[in-house]
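**Q** Let me begin by handing over the structure; questions about it come next.
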Amino acid sequence: MGILGLSKLLYDKSPNAIRERELKSFFGRRIAIDASMSIYQFIIAMKGFQDGQGMELTNEQGDVTSHLNGLFARTLRMIDEGIKPIYVFDGKPPKLKADELETRRQKAAEAEREFEKAKDAGDDEMMEKMSKRTVRVSREQIEESKKLLQLMGVPVIQAPSEAEAQCAELVKKGKAWAVGTEDMDALTFGSTVMLRHLNISDAKKRPIAEIHLDEVLQATGLSMDQFVDLCILLGCDYVPKVPGIGPQRAWEGIQRYGNIESFLESLDAAKHMVPPDFCYREARAFFLNPEVTRAEEIDIRFSEPDEAGLIQFLVKEKLFNPDRVNKGIARLRAALTKKTQGRLDNFFTIVKAPPQAAAPRAPLAGRKRSHDGKCVHVSGTLQKATGGHKKAVRK
């Protein structure tokens, strides 16, 4: 889910912090990519329905290969542009996310029921819509994706918990320049730069959104702690929303009161019932100090492609077109041997003014309510990071 409504809010409140870029703008950059999000996008992009029958990309044996096709093609496209992708995979979800995951399971089950109704009615459009809501990336697809990337010589990192948090850790410590994901909570985890729409195909001509956290804070007058509180009020994966608090009210609340505690005390208890499981203190702590492997412990290396391994895996096992795979290997080797010109901005140090924090104000008079935001204890142990198809018919 990420952060509900944050993208629109930032376009309204800090438009200058967001730039529209082409893929080639990131030449020479290391980008930490949320792998699971990318794979999910590749799978749903290749699902469709016609005459009541589902269509998805498979090989001649009927194996779904959407994830491998999309990952191979898009990674090659980035490498062609001189980009150095680093793929980060999700680990164990935090305890705080349990309710959100259960909600997703319930929504997927409901989508399955709606799919069957649409199938009986012969409604291709509704079938496609509901089918995409049931998509889940399988463990097998994750492992196949890791294998493909490693054979291509692209770094793979296994996060101990949330991939966005691990990506943000790499960016904050200078191991990567930006996080590539659709989930806005990459900013909430502290990534200084975030890229959205990185996996959109060139044919759709949708620009990549480059968002700078320091400029967001400077334009809004928020400190990082206040920005995190705003994101929690907007709606995140770790706590339920407070009823009746939309984006504008959340924005005004943090601007006026400076933190969730003071804002909650200002609310009319009769109009805004704070959920008992609104564990905002734990959510805040997780955003500011997530479970990640320290960037200093991660050795990121780009290596030569394993030509024989790629042919064995893609051509012999997954039945990819040999010419396509060989051309891909040639592109990988060309990227390694090509003399890369350094980015001009690498020769300069840019110093920006620190953002100004908004000072908390006294609560409004009126009916008050105290909510300490404490619900559960979050703990975890850090883990070392490690570094010719056709459409099939679903009946």
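Using N, Cα and C of the backbone, Cβ positions are placed for all residues, glycine too.
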**Q** Hey, Swiss-Prot has Mg(2+) 2 bound by D183, D185. Any idea which of D225, D229, D237 it lists too?
**A** D237
**Q** May I ask you to find which of E162, E317 Swiss-Prot records for the DNA site already listed with R74, G235, D237?
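**A** Looking through E162, E317, the residue Swiss-Prot assigns to the DNA site is E162.
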**Q** Looking at the candidate ranges 322-330, 340-348, 376-384, report the one that Swiss-Prot labels region 'Interaction with PCNA'.
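**A** Feature region 'Interaction with PCNA' in Swiss-Prot: residues 340-348.
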**Q** For the Mg(2+) 1 site that Swiss-Prot describes with D34, E162, E164, which of these is also annotated: D80, D90, D99, D214?
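**A** Within the candidate list, Swiss-Prot flags D90.
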**Q** Would you mind reading off the Cα separation of D183 (Mg(2+) 2 binding site) from E162 (Mg(2+) 1 binding site), to the nearest angstrom?
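**A** That comes out at 11 Å between the alpha carbons.
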**Q** Give the helix, strand or coil assignment DSSP yields for D34 (Mg(2+) 1 binding site).
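**A** In the DSSP reduction, D34 (Mg(2+) 1 binding site) maps to strand.
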**Q** For E162 (Mg(2+) 1 binding site), which DSSP three-state class applies?
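**A** Its secondary structure by DSSP: coil.
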**Q** If we count other C-beta atoms within 10 Å, could you say which of the binding-site residues E164, D185 has the fewest?
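**A** It is D185 that, of the binding-site residues E164, D185, has the fewest other Cβ atoms within 10 Å.
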